[in-house]
Amino acid sequence: MYRLLLVSLTVLFTLIHVACGQLENVIIDRYFIPTHCSREVQIGDYVRYQYNGTFEDGRKFDSSLDKGFPFVGQVGVESKVIPGLDKGVQGMCVNERRKITIPSHLAYGVLGAGSVIPPDATLVFDVLLLDLWNKEDKVQIRTLHKQQNCKRTVMPSDFVRYHYNGSLLVGNLFDSSHLQNSTYDSYVGQGSLLKGMEEGLLGMCVGERRLFIIPPFLAYDDKGYGTKVPPYATLIFDVLLVDVFNVKDDVNVEVQKIPQPCRRRAVGGDFIRYHYNGTFQDGTVFDSSYSRNSTYNTFIGMGYVIAGIDKALQGVCVGEWRRVTVPPHLAYGENGSGELIPRSAVLIFDLHIIDFHNPKDQVEIKVIYKQADCNLTSAANDLIMYRYNCSLLDGTHLYSSDDYPEPPRVTLGQGKLIAGLDEGLQGMCVLERREITVPPHLAHGTNGALGVPSNAVLLFELELLQLQKGVPEGFLFIWLKDSPEPLFPAMDMNQDQEVPLEEFSAFIKLQVAESQGRLHPGIDSDTVLRDMFSKQDRNADGKITEDELNIIVNEEEEGPKHEEL
């Protein structure tokens, strides 16, 4: 604990005492003095020191080192030592070393001590002070570092995890959690810790660092601890609090940002995608979805994630930010998780909700603008031209029709688009604008697409630019009104009992011009007519006769319809 400074300083400690008319004194040579001395030995203090006792000629008569244990006693109160030694240690600092020369009348006097100490012997003691305490001492607590934002402090019955270095007053390290690469974990206030340690831990914040000086009677007292801590040792602990929680703790949710409006809150059974940073209470990061450049995707309320996160995801909004503190019993418990999560660790998750949906969700349509006089709307098989912007629910842009030279044209209901977009484009008027939300199972599903994450809910901004009504799949032409009955005489415009391509084309074009029928949009009309004609000219002789004409019923619309394919 203290650095020693070698000095050569002799101090004459004069003790004036009148006995037999002589001046009595103890000579003290202080030749090791610590650079820092927070306390000096006073009468009534307890001390622990090593010593060598010699005569003036250097002959040794006693030594604590030979005995294998230091001297322990109280100074000046029913002392167990000779008066000169008792006086000679007063004013000493821990780690100080003194040479104390004691005249015989402050040692064993004219009688000596048996066969060991002769009468009138001057004694010399080499003393190294190892420890110093008093029965009135309390645990000394020094705060070395404290977090500015401390929301919770250690209380009785809490469970704590902390790192420590433990040393004796002389500075010898006797134990360290850092060397074991593991925190010390224990309950506070249940007798499983030293009394002085429990006292020092109370009121600490996570991330706080304290120095505890614990007197022996609040530590291991006269028993010591194995070979590491001698009896009657004052202990110094440098403690860093890593974690604290109580078994009664629940998940703590701090909502940091919530979008307005929140269209829907997540419930059990929803599938959710979110980003997260996971840290311990001291701020150490243990995992992050951002580092993998991928959201974490899971169902809510089905036990696929730790209980605390499952609970914290209930009621979130898309785009919401939450900080969630999860106690161990709702996280990975006493066992932790491999090398990543220590046992009994409190976990903090900063969550950003990207999107969520339910497997039962349908396309959600919000009309932004619609003309009042809308008589014609898009439907399956119609040819449309439209504008779109596609993004994720968090606003991340994915793709847009503006990225291409002209807006796309597509026939609805024929599998050319993702199902949700196809559905969202139906029922629209020209110049109508919509915002549609498409769940993943109606978009790109679990596999995603180029630039589209897996299981992503998509948001489309749509505008219908053009609309050409279509024909059912498999048809090139349909009647909008009842077809002529019988059909062949009406088609045989010159009544010569045969219909060549030119006559067939003229007839169909007339029906379209008079709104009696409709050709397949998006294909050149002459191409359509040639195809229709070839399907009816079954013998390929360049003309259609009445027996070749084939009429079927289109199940999607009433009335007989002419099959052209």
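Cβ coordinates are placed from backbone N, Cα and C, and glycine is handled just like the others.
Quick look at what TrEMBL annotates:
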type   : residues : note
SIGNAL : 1-21     : signal peptide
DOMAIN : 44-133   : domain 'PPIase FKBP-type'
DOMAIN : 157-245  : domain 'PPIase FKBP-type'
DOMAIN : 269-357  : domain 'PPIase FKBP-type'
DOMAIN : 381-468  : domain 'PPIase FKBP-type'
DOMAIN : 524-559  : domain 'EF-hand'
REGION : 539-565  : region 'Disordered'
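Looking at the domain 'PPIase FKBP-type' (269-357) alone, the prediction's average pLDDT is 95. Each residue of the domain 'PPIase FKBP-type' (44-133) gets a DSSP state, and the totals for helix, strand and coil are 13 helix, 37 strand, 40 coil. Residues in the domain 'PPIase FKBP-type' (381-468) partition by DSSP class (helix H, G, I; strand E, B; coil) as 13 helix, 36 strand, 39 coil.
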